[in-house]
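A quick write-up on the structure given underneath.
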Amino acid sequence: MTQKVGVLAIQGGYQKHADMFKSLGVEVKLVKFNNDFDSIDRLVIPGGESTTLLNLLNKHQIFDKLYNFCSSKPVFGTCAGSIILSKGEGYLNLLDLEVQRNAYGRQVDSFVADISFNDKNITGVFIRAPKFIVVGNQVDILSKYQNSPVLLRQANILVSSFHPELTQDPTIHEYFLAM
């Protein structure tokens, strides 16, 4: 069965995710409207600016449709996408997870680091990255950086505080496709 991956495309770094999936031979749909959710099997919520993203979700009246989709289908949130999926006022509140926004510093503090995932070293690109500070019992920690979780999964939802789409390594995207 051919799967179609949707990439939320109202703000942020959606094109790099789309390009990564296309390089893997996966059909991609840029999701901008409520009816776009009807033709996809899984969704990526990309990084960007979480407050702006929330405002646009509400302005375009797709917050409820996004919530319903993310409640049952595979979803991957990177950076700001992970914030939107976590606990907090106005967030989707679908993860047993609390985050601290911009915990790794401002834009000028961005960095690249090696992290381990499934016995493989991968590159993590951290740009104004959130820190996962309260991780509930239902959440699996898949990878850490300096003893802090940076890649997590809870049921159908995968989140990273870093940007795997900004590397040439498809490891995390392949993992998401296999969920």
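Even glycines carry a Cβ here, placed using N, Cα and C.
As the structure is a computational prediction, the values presented were derived from the model and not from experiment.
According to Swiss-Prot, the L-glutamine binding site annotation covers Gly48, Glu49, Ser50, Arg101, Ile127, Arg128, on the basis of sequence analysis. Ile127 (L-glutamine binding site) falls outside any helix or strand according to DSSP and counts as coil.
Taken from Swiss-Prot, the feature active site, nucleophile applies to Cys79. Within 10 Å of the Cβ of Cys79 (active site, nucleophile) there are 29 other Cβ atoms, across all protein chains.
Annotated active site, charge relay system per Swiss-Prot: His163 (among others), in sequence order, evidence recorded as sequence analysis. Residue environment of His163 (active site, charge relay system) contains 23 other Cβ atoms, counted within 10 Å of its Cβ in all protein chains.
Feature annotation from Swiss-Prot assigns active site, charge relay system to Glu165 (among others). Its own atom aside, the Cβ of Glu165 (active site, charge relay system) has 27 Cβ atoms within 10 angstroms in the protein chains shown.
In the three-state DSSP scheme, Glu49 (L-glutamine binding site) falls into the coil class.
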